[in-house]
Amino acid sequence: MSKPFKLNSAFKPSGDQPEAIRRLEEGLEDGLAHQTLLGVTGSGKTFTIANVIADLQRPTMVLAPNKTLAAQLYGEMKEFFPENAVEYFVSYYDYYQPEAYVPSSDTFIEKDASVNEHIEQMRLSATKAMLERRDVVVVASVSAIYGLGDPDLYLKMMLHLTVGMIIDQRAILRRLAELQYARNDQAFQRGTFRVRGEVIDIFPAESDDIALRVXLFDEEVERLSLFDPLTGQIVSTIPRFTIYPKTHYVTPRERIVQAMEEIKEELAARRKVLLENNKLMEEQRLTQRTQFDLEMMNELGYCSGIENYSRFLSGRGPGEPPPTLFDYLPADGLLVVDESHVTIPQIGGMYRGDRARKETLVEYGFRLPSALDNRPLKFEEFEALAPQTIYVSATPGNYELEKSGGDVVDQVVRPTGLLDPIIEVRPVATQVDDLLSEIRQRAAINERVLVTTLTKRMAEDLTEYLEEHGERVRYLHSDIDTVERMEIIRDLRLGEFDVLVGINLLREGLDMPEVSLVAILDADKEGFLRSERSLIQTIGRAARNVNGKAILYGDKITPSMAKAIGETERRREKQQKYNEEHGITPQGLNKKVVDILALGQNIAKTKAKGRGKSRPIVEPDNVPMDMSPKALQQKIHELEGLMMQHAQNLEFEEAAQIRDQLHQLRELFIAAS
């Protein structure tokens, strides 16, 4: 099923990219365990990594620090490798409240969670691809270091069906129930099956657009066919099919029975300890809760919070690391840690926070001590499990530099010839008035400005001051959620306003080519917001514009400022020299404004490989902002016809999507007229 990695790009490596690709590949082939790619903003780091993957033909996991960046990377990798398995593995919780106990108020908080169906399907698709194929790139968040089902048990539970196989209908249904598929003859959806005579329809848990039809004759599999679950149209007939479990946490019955005995033994030992310490209430609570869970496991094969017994279910010893996504990655796999200066500290912090909460639950009799082994990986365990690793960052941390032995692969020259911003240091006394005049110069030529302050109060006051002086300004702060944050950044790029004020605007990986000025107020106040790495990241936000400039307001030059200025000047010098030698004129990036949220929320839709008649007649896209009234009118008529067509085909979701798009277009038409 695997194909060779085939890179799809109109561009060839240029600037520092060819040398970076060569050095990274040589390092991997020489067996180097750790390498660091220091790639400046806008130098095409993702393209470099895609070239390395394509040249070496190795399965790869890319770790990103958050869901937003993971979605952005997933979209880019999907474009680079359209014919290969590019998968997305992040936490499937839209909302998650872990169980916790607060002793001071005697409050127990039950676990509460809301699971995103699309992301759950994509996680299952990711592990399936890793088990079946070599041409796989999985883009993951730090969710990858959390416990997952044991790959050996997961493989044992699979149901293999082949044409001509002797198996009766009841045996298939029993196996599907073991895989946690539910029978539903009315609503056919992911992770369910239905039975009609001697035909069983199965909707695989990892699929979003294809289902399996098993036609039996007597006790023999007569035909296997793939069909569209929406229209029922047969897509193809196949000789064999493997059905994967509905969840990563399925366990064979014999393993559950064995685990129950081990849980009973631990319960007896723990009860004894609690009684010896005169903790009668805790002993009673633990006994009641554990026996209820055991009863559920005996009857149903699982219980609420079964992950707390994962050590027994996977047959691990006390303190052993849990199985994670790393266990699904082949031994010769490659790990790429994106924005490593943020991701690596995150990995280190996950275990400690989880441990503190669980210790309280164990101490007060809500959980058995074995629940402590349902946890993310410790940092040392992550290091031991990680295959050959490439750390990617514009500002690598000390850990990455130390692991790479100080041998860093530089990617400083951009293919576009763009230079790092010019840096100026100006006095604090006149910073606000000076900033106002700089903003007016930029706004006049349709360029944008980012301003970063040290405190929330200062950001609010500055925003108010700029508004009073007639500037179009918005304020970005920690109370704004991810969705609204991305909308604000999109509006800045579209020119809805000119200035964005914030406290920590150095969000890694954000592409804003329209920003030509970054102003850093109180740059001489040492601290984590004004450290060398923070300053370089913030300055880098203006590196995608031909007129990029950074103004640091400070009365003295701190060591962090000196290092940041020195590093930026080193890069700028190297870039200028390269441009002169190769006759390159810097060109601004004309990058279209893509709504990253649409990618994050509807990410599963990009996986559709074509669905026969059920395929939407129109894919909802971003409404073009520069259409003439005549073109808008034409587009409206076209979409109205398509909407009616969808409604006639009973495809109401697609019709509703077009209806929403029509609202936007009509508003634009009225404004343009």
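Cβ coordinates are placed from backbone N, Cα and C, and glycine is handled just like the others.
Residues 92-115 are the range that Swiss-Prot records as motif 'Beta-hairpin', among 44-67, 92-115, 116-139, 164-187. Per Swiss-Prot, the range carrying the annotation region 'Disordered' out of 228-247, 348-367, 608-627, 648-667 is 608-627.
In terms of DSSP secondary structure, the domain 'UVR' (633-668) contains 33 helix, 0 strand, 3 coil.
Note: the ATP site is recorded as Gly39, Val40, Thr41, Gly42, Ser43, Gly44, Lys45, Thr46; in the same chain, Thr48, Ala394, Gln411, Arg414 also have Cβ atoms within 8 Å of that site's Cβ centroid. Secondary structure of the motif 'Beta-hairpin' (92-115) per DSSP (helix as H, G, I; strand as E, B; remaining residues coil): 3 helix, 15 strand, 6 coil. Neighbour density at the Cβ, taken as the number of other Cβ atoms within 10 Å, is lowest among the binding-site residues Thr41, Ser43, Thr46 for Thr46.
Packing around Gly44 (ATP binding site) is summarised by its Cβ count: 22 other Cβ atoms lie within 10 angstroms of its Cβ, all protein chains included.
In sequence order, Ala394, Gln411, Val412, Arg414, Asp420, Gly540, Ala543, Arg571 constitute the residues six or more apart from Val40 (ATP binding site) in its chain with CB-CB distances below 8 Å.
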